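Trainee: Take a look at the following structure, please.
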Amino acid sequence: MSKTPAPPQVLDMCAAPGSKTFQLLEMLHQGSSHGQAPQGIVVANDADGQRCNLLTHQTKRMCSPCLMITNHSGEMFPRMLDPAAGPADANADAAAGEEAAGEEEGVGDGEGEEGAAAAGAGGGRRRRAKPARLLFDRILADVPCSGDGTMRKSPDIWNRWGVAAGNGLHMMQLKIALQGARLLKVGGRMVYSTCTFNPIEDEAVVADLLVRCGGALRLVDVDAQLPQLKRMPGLKTWKVRDRFQWYESWDDAAVVGNKLSPTMFPSPEKAALPLERCMRFLPHHNDTGGFFVAVIEKVAPIDALPDPDHSFRLRPMSGIAKVEEGAEAGAAAELRAAAAAAAEYALRGSAGGRRVAPIVIGGRVKHGRAQPSHFQNR
Ligand SMILES: C[S@@+](CC[C@H](N)C(=O)[O-])C[C@H]1O[C@@H](n2cnc3c(N)ncnc32)[C@H](O)[C@@H]1O
């Protein structure tokens, strides 16, 4: 992360055990004389409480008064009040807009509702000015991943690795990156990184994030920086695999894909992005572990961010409404009809990009009665 002119406010969203947090703190302290604390802050967060202990242990050697350790899930990292920022803060409008968007998605902290209630109670009364929120100059989203890049030091990963791990992590990674984008100042930068080469966890997340934010984010070209550090450009296209087969596009996978989501797939819109600016550091390039890194800059406020869970996780039609042998014909037919309606409903919802009511996407017949299961909540 390059230096910012003002005291930087830095967020490390998935920080434990803290090796990168330590480096961030070192950078913050660079230039401040002995005994003098710099003005910036590093907020180091991890979702795992026990790993937060590791984080504390790792970073206490710095004895820095500029460190705050938090224990939240990155996708729901709260918007903290910024006592230092006045109402005229350049990012205040953006923060307010994004906050409203967040509240719409259920990730707000409830203050918006309180404000709205105050406005309602007072008839035409003006909306109470919202306190400024702490936005960050620099964010590191070093997200949990399937970890094949660490195979040199953990060879057992070779045996354990499978596409299911990455497919399962993709949505969480995307949500962490989205929350990072919300919490970033306009002009601020976020690094999204993993230690996997699985494009579903790498380029697919970056591409969907950029498309979702509709031009408010851009991939920074850092090709000229650290030229000795060998790297490969990011991928523009990739295939997606579930337990059974490979898919080229969401169109192929929408009906039969097992636990897949459109956010995982390449598209012409995503291919038009400069994804080659993402960097893939292969282990033999620099005799290191393997890393994927993308540097993302926020160039405009983000008005609203549709929830990526609008995508639907359909099960194969053959898997839906699995019917036990000898099941009562009426119950089996009922379950099959529910499943077919669910699939159709989900497809319509997917095409329209809108929320849908809970639907049945699986189930079985037991004791002669239809027992729907696997409810899709949106
Ligand atoms: C790749 S490690 C981070 C390594 C760290 N940046 C470092 O350099 O030492 C990913 C971390 O994310 C944490 N994590 C897992 N799920 C998370 C979530 N939903 N939000 C935030 N952190 C999460 C894990 O506990 C783990 O410590």
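Heads up, the Cβ atoms here are built off N, Cα and C, so glycines get one too.
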Trainee: Which candidate from ASP46, ASP148, ASP156 does TrEMBL annotate alongside CYS14, ALA15, ALA16, PRO17, GLY18, SER19, LYS20, ASP142 at the S-adenosyl-L-methionine binding site?
Mentor: ASP46
Trainee: Restricting to the record's S-adenosyl-L-methionine-binding residues (CYS14, ALA15, ALA16, PRO17, GLY18, SER19, LYS20, ASP46, ASP142), give me the longest CA-CA distance in Å as a whole number.
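Mentor: The span, Cα to Cα at its widest, is 13 Å.
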Trainee: Which Cβ among the binding-site residues (CYS14, ALA16) has the fewest C-beta neighbours inside 10 Å?
Mentor: CYS14
Trainee: Around the S-adenosyl-L-methionine site formed by CYS14, ALA15, ALA16, PRO17, GLY18, SER19, LYS20, ASP46, ASP142, which additional residues qualify by having Cβ within 8 Å of the site's Cβ center?
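Mentor: These residues sit around the S-adenosyl-L-methionine site: ASP12, THR21, ALA44, ARG51, LEU55, GLN58.
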Trainee: With the cut-off set at 10 Å between Cβ atoms, which of these binding-site residues ends up with the most neighbours? Options: LYS20, ASP142.
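Mentor: Result for the most crowded candidate: ASP142.
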Trainee: What is the Cβ neighbour count of GLY18 (S-adenosyl-L-methionine binding site) at a 10 Å cut-off, with all protein chains included?
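Mentor: The answer is 25 other Cβ atoms.
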